[in-house]
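*Asks:* Pasting the relevant annotations from TrEMBL:
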type: ACT_SITE; residues: E304; note: active site, proton donor
type: DISULFID; residues: C67-C99; note: disulfide bond
type: DISULFID; residues: C258-C309; note: disulfide bond
type: DISULFID; residues: C457-C474; note: disulfide bond
type: DOMAIN; residues: 32-83; note: domain 'Beta-hexosaminidase eukaryotic type N-terminal'
type: DOMAIN; residues: 148-309; note: domain 'Glycoside hydrolase family 20 catalytic'
type: DOMAIN; residues: 312-438; note: domain 'Glycoside hydrolase family 20 catalytic'
type: SIGNAL; residues: 1-31; note: signal peptide
Amino acid sequence: MSVVTSGRYTFPSYNLVFFIFLQLGLHSVEGVWPLPQSITSSPERYPLNPQAFYFTYGSQSAAQEGCSVLDEAFKRYFSLIFPDYSSGRFYSEVKFLKCKNEVRFKVLLNLNVVVVHTGLETFSQLVYQEDFGSYYVNKTEIKDFPRFQFRGILLDTSRHYLPVQAILKTLDAMAFSKFNVFHWHIVDDPSFPYQSRTFPDLSAKGAFHPMTHIYTQSDVGRVISFARMRGIRVLPEFDSPGHTQSWGKGQSDLLTPCYSGSSPSGTFGPVNPILPSTYKFMATLFKEVSSVFPDSYIHLGGDEVNFSCCIVNITVALNRTSIVWQDVFDYHERIPKDTVLHIWKGLPASYAAELSAITKAGYRVLLAAPWYINHISYGQDWRNYYTVQPLNFSGTEEQKKLVIGGEVCMWGEYVDATNLTPRLWPRASAAAERLWSDEKQTSDVDKAFPRLQDFRCELLRRGIQAEPLFVGHCKHEYQGV
């Protein structure tokens, strides 16, 4: 006989409902990462037959077959759930079978279809395979939504160039941990790898190599499209007016010349604020950037240099909202009220005070300070990232609503494609649960450990070379290595 298990995903402004129709049958996974807001599982389990399994759309769903984002997601997750099989089957191909395994998704009218990825990811983690090769899922009911709307990963591609394939691999792993923003710190002092159509000399003279160490317009489009298919936004950062030494190599008179006494020293400071050509250049460059990167936000940087001469208002003309590092607020500059402040400095007491001050002034804020995971230490430092309390600061409930999320930062001084993945995963996943899950339900680090250990093994099975958390082994750990 057929039985039905159902789960409901509830988000602040939309609902995702999925129904699972499974053939009844009678070991299970440790649990889902990040932990859902509510999950109830049963020892009752059901076998899944890959040859009779398919995803489909509910009859009342606003999205139907032909929705490219979901069609591709269904195929991709079939391969993740059943790695021994190459492609999924849809209803038209299996309707002759008497016993079918069906997962039906209903997308409501006001639902952004990419949110379905979180439901697919959760379901994929519920499926497990026994030693004899059979697949099962336990009867489970889930209610879920993200705690914070912005859950980001920053990659720095200036200090070391990261090949496109390394970025795509990171995007895959981000989707598995339910991160939804890729903060692309694409240029900085050391190099300018972004190939501009309008100012081609910026990369021709500012990149490590003008042919091999650049991101072409095609590369950028590929990253954006790949991310979109996984429910991830791409947030570009062109840090200014400081951190622009590489810019000056391809754009004359852009940087402020430094002097030794009355003579030029041959070195340069930040973007030169006194030349009209500076503002014309910046306006033209950011106009191009806004046409290449469709996200509604642009990160303007603004750290480690006085921001009084810079151009936050440039984003208004481009119909974009700016994000800037906390320095801009700390310098007491006049900042448009819709600007998002990004906290990167200090220990808990320091960033808690910053959270309090910024939200009291009425600004939205992102927290990155406790999640600079390019820093490494011996032992299980993921525990430090897991126990962060983003809302543990002095302020009203209205202030705390202005904390829109947080971000894991992987700066590139000592990171390139050789060590990016194991340094990032599964340590970043600890922050992922903090940004997704209910804080009270995930306050016990020791209880979290077996779930994260199990999730790390799942990352390995999916081709993500995540480093070990502690002693032990995974069943699939050396496949494909």
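Every residue gets a Cβ built from N, Cα and C, even glycine.
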*Asks:* Rank the disulfide-bonded residues C67, C258, C457, C474 by the number of other Cβ atoms within 10 Å of each Cβ and report the first-ranked residue.
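*Replies:* The largest 10 Å Cβ neighbour count belongs to C457.
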*Asks:* What's the CA to CA span in angstrom from C457 (disulfide bond) over to C67 (disulfide bond)?
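*Replies:* Answer for this pair: 32 Å between alpha carbons.
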*Asks:* Take the C-alpha atoms of C258 (disulfide bond) and C67 (disulfide bond) and report the distance between them in angstrom, rounded.
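*Replies:* Distance between the two Cα atoms comes out at 56 Å.
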*Asks:* Cα of C474 (disulfide bond) to Cα of C67 (disulfide bond): how many Å, rounded?
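*Replies:* Between the alpha carbons of C474 (disulfide bond) and C67 (disulfide bond) there are 36 Å.
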